[in-house]
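Enquirer: Take this structure first; my questions come after.
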Amino acid sequence: MMSTKRTVIVTGFEPFGDHTVNASWVAVQELERLGLGQSVDLYVCEVPVEYQAVQSLLPLLWKQHQPQLVVHVGVSGIATTVTLEKCGHNHGYKRVDNCSFCPDSQCCMDGGPDCIDSVIDMDLVCKRVNSSRLGVAVSVSKDAGRYLCDYTYYTSLYLGKGRSAFVHVPPLGKPYSAQDLGRALQAVVGEMLELVGQAEDDDHHHDHHHCSHQHHQHAH
């Protein structure tokens, strides 16, 4: 019998720089505690803040679990809302990682498109969560920051043909608690899963979505 369970992987990052506790991993652990309901198998994983580790880890995650959706969560020192990133970028990686390493090419995937959009309509996810009176503000962004967050997102979008998402969270207490962030992730990932489910019924979503200047209005 076909299992109707869907598999979702949600990752956070290890500490780096001034972020001696990484709010993203704290929030993901809180989400794991809350769960995504009976029909979803949730796997969580803490990602090293290292370009090469990301390059080897992500293909394994996609292959091993065959997830319907992979959501990466990262912390942003300048974020004040839970921020949904629309796309990942291939070029501009000049900042060294936790191993003092930086890709020579300053690029994520040689020959890959400049930019890959998620198949998920982040504006719609944002609208739905904000209208649900969760008490946590959600916004959208097109620039994940050209560091490990953006690098990880691009890699996942490439591997998963767009079935990935990236969520930036503010540092803990600025203004949200771990519990608030966990609840926000639960709501956001729930909406994303619904949209991915609809996209799967609709085959033209399986192509890579390259960034373009007009907004993709997916007809659902």
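Quick reminder: no glycine exception, Cβ is built from N, Cα and C everywhere.
Checked TrEMBL, it gives:
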ACT_SITE  Glu85  active site
ACT_SITE  Cys149  active site
COMPBIAS  206-220  compositional bias 'Basic residues'
REGION    201-220  region 'Disordered'
Enquirer: List the Cα distance (Å, whole number) between Glu85 (active site) and Cys149 (active site).
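Expert: Distance (Cα to Cα, whole Å): 10 Å.
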Enquirer: Near Cys149 (active site), which residues of its own chain have a C-beta under 8 A away, given they sit six or more steps off in sequence?
Expert: Phe13, His72, Gly74, Ser76, Glu85, Phe166, His168
Enquirer: Ten-angstrom check, please: count other Cβ atoms within 10 Å of the Cβ of Glu85 (active site), all chains counted.
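Expert: Its Cβ shell of radius 10 Å holds 25 other Cβ atoms.
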